[in-house]
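First the structure, in the form of structure tokens, and then the observations on it.
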Amino acid sequence: MLQAGWLRGYAALALLLVAQVVAAFEPITVGLAIGAASAITGYLTYDDIYCRFAECCREERPLNASALKLDLEKKLFGQHLATEVILKALTGFRNNKNPKKPLTLSLHGWAGTGKNFVSQIVAENLHPKGLKSNFVHLFVSTLHFPHKQKIKLYQGQLQKWIRGNVSACANSVFIFDEMDKLHPGIIDAIKPFLDYYEQVDGVSYRKAIFIFLSNAGGDLITKTALDFWRAGRKREDIQLKDLEPVLSVGVFNNKHSGLWHSGLIDKNLIDYFIPFLPLEYRHVKMCVRAEMRARGSAVDEDIVSSVADEMTFFPKDEKIYSDKGCKTVQSRLDFH
């Protein structure tokens, strides 16, 4: 008995090593190796082994809400609304076994407030490889859709890309950066995919996630934050209801937004408009400390203050908010 058990273990280990090598070439060979191992051990399956060496789309993979919450709280500064809404939206969506439509989030605020950072955190919590995952797709307006005269071509390409990737992985994530620079009309090509359809041409998009990032609406968000500050109220008192209605209308009517007069807004297909508040001096210092820790350096408060003091702030009289958020913290820290 001991010898038989030892042989099964040895065979399994050997075939695991073989599978690891051939996984880099093609899955059929891996399947044959795993099939042989399964016959010997009675435990191994194709998915169990192949997915250890190649990225697999696991629809049943649960979202670790606690890990997401911790990431947002530790890495995102000054954004209580974004932290709260994103956590609730993703947790609720992923816990729903039968969502009626894809989750669609639109993130708004000035540069450097954390929109791209949040999309990275979300991607990492949904797929282990994050932005490098085969199931996370990033579109940058100025890179992927630069020419106004090619809108029809872009619309067709975008539909094909999304259809193909959702067919391969129902849990695909699509991130659209620089929505404020996207030519109006392009994004409406994906309207059918975001609607309440069970299937579109035989493909269900209900488990996919779409995230839009935009500077549009930054002025409206800043005005609200400034009004609260001047009234002596805490920024943490700002609620989603104070911003979301005016934000959706403002973006819809903004000719410099990719969502200008978009059917996505008109048909209420965007689930949440998430405001990113302008960052104060104390938040910039938090960003500097976080960057120093990420570099493996000890936190030097003199350097933290020095970097923060180099930033410029607005409005002209009060100088409350960093005009670049934390966007230039990394480059400025290089000089210290």
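Cβ coordinates are placed from backbone N, Cα and C, and glycine is handled just like the others.
These features come from TrEMBL:
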- 1-24: signal peptide (SIGNAL)
- Gly109, Trp110, Ala111, Gly112, Thr113, Gly114, Lys115, Asn116: ATP binding site (BINDING)
- 279-335: domain 'Torsin-1A C-terminal' (DOMAIN)
Sparsest-packed of the listed binding-site residues (Gly109, Gly112, Gly114) - C-beta count within 10 angstroms: Gly112
Among Thr113, Asn116, the most crowded of the binding-site residues [Cβ within 10 Å]: Thr113
DSSP-derived helix, strand and coil totals, residue by residue, for the domain 'Torsin-1A C-terminal' (279-335): 29 helix, 5 strand, 23 coil
Nonlocal residues around Trp110 (ATP binding site), in sequence order (Cβ under 8 Å, 6 or more apart): Asn215, Gly218, Ile221, Thr222, Phe276, Pro278, Asp323, Gly325
Sequence-distant neighbours of Ala111 (ATP binding site) in its chain (C-beta under 8 A, six or more apart): Asn215, Lys324, Gly325, Lys327
